[in-house]
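The feature active site, proton acceptor is assigned by TrEMBL to D92. TrEMBL lists R27, T93, Q178 with the feature site 'Important for substrate specificity'.
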Amino acid sequence: MQTVFQYQKEGDREQISTYVLLSNSPRRKQLLGFLQPQIASVEVDERGIEEHFMKQFATDDFLTRAAKTCCEISKAKSDMDLVTGHLYISADTIVVSDGQIFNKPQDLTEAETMLRSYFGKSHHVVTSVCLRTSHSLDVFYTVAQIDFVNYYPALEEVIQSYIREKQPLDKAGSYGIQELDPRFVAGISGDIHTIIGLPIAEVSRRIFGSGKKEFVKQVFISSC
């Protein structure tokens with residue numbers, strides 16, 4: 001199963017002195033914790049972008065349409081005045097199930113409906129990443145597949161406990177894999193960090209695996 005897909009790549013990256021993570025996700029911040037980031041904020045109309053590009057990519061299969069649209073959201077999160085020597089990192093995560101995109105649920109009722117819909121089936125999680133400088137652009141996405149067990153009555157209390165206690169409203173598809181009860185999941189194909197929200201091994205490879213020595217001088221985070 002192919003799990004990493006290139007979406008767009010342009011230009012040559014200059015020497016980097018500052019890293020800027022464009023996300024308010026505590027999970028992404030944790031994955032990049034070795035950079036000791038600070039936080040700021042930016043606003044992006046994610047649903048408006050989704051509606052536009054899902055129509056534009058209408059000739060692709062649904063998963064590819066959703067993944068490309070996810071990439072466009074990541075790009076939009078880095079659409080700002082770019083400073084030379086800064087590397088801007090933005091990301092977006094979606095769940096694709098039954099020909100639908102599941103974003104963050106609006107309320108606990110929707111969160112429970114999403115969670116119940118996974119049982120007895122497979123679904124996909126897509127995380128797109130945009131690495132951007134004033135001279136370069138590298139946008140890619142990774143895909144993971146998750147297989148849920150068939151529902152059985154003993155899981156009911158576990159489902160209700162998860163909805164009450166695990167704050168599903170701030171998570172795409174209503175769940176965080178690191179918090180999900182292991183009795184729900186029959187198997188995972190792909191990088192678990194795609195599901196968490198940032199494929200950190202692939203991000204690190206693209207930043208530091210180019211053969212160029214990158215010097216980290218200062219780190220900032222801007223969230224959107």
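Cβ coordinates come from backbone N, Cα and C, glycine included.
Across the structure, R27 (site 'Important for substrate specificity') and the residue listed as 'active site, proton acceptor' place their CA atoms 12 angstrom apart. Taken residue by residue with DSSP, T93 (site 'Important for substrate specificity') is part of a strand. Under the three-state DSSP scheme, Q178 (site 'Important for substrate specificity') falls in the coil class.
Across the fold, the C-alpha of Q178 (site 'Important for substrate specificity') and the C-alpha of D92 (active site, proton acceptor) stand 18 Å from each other. Taking the recorded sites T93, Q178 in turn, the residue surrounded by the fewest other Cβ atoms inside 10 Å of its Cβ turns out to be Q178. Within 10 Å of the C-beta of the residue listed as 'active site, proton acceptor' we count 29 further C-beta atoms, all protein chains included. Counting Cβ atoms from all protein chains shown, R27 (site 'Important for substrate specificity') has 19 others lying within 10 Å of its own Cβ.
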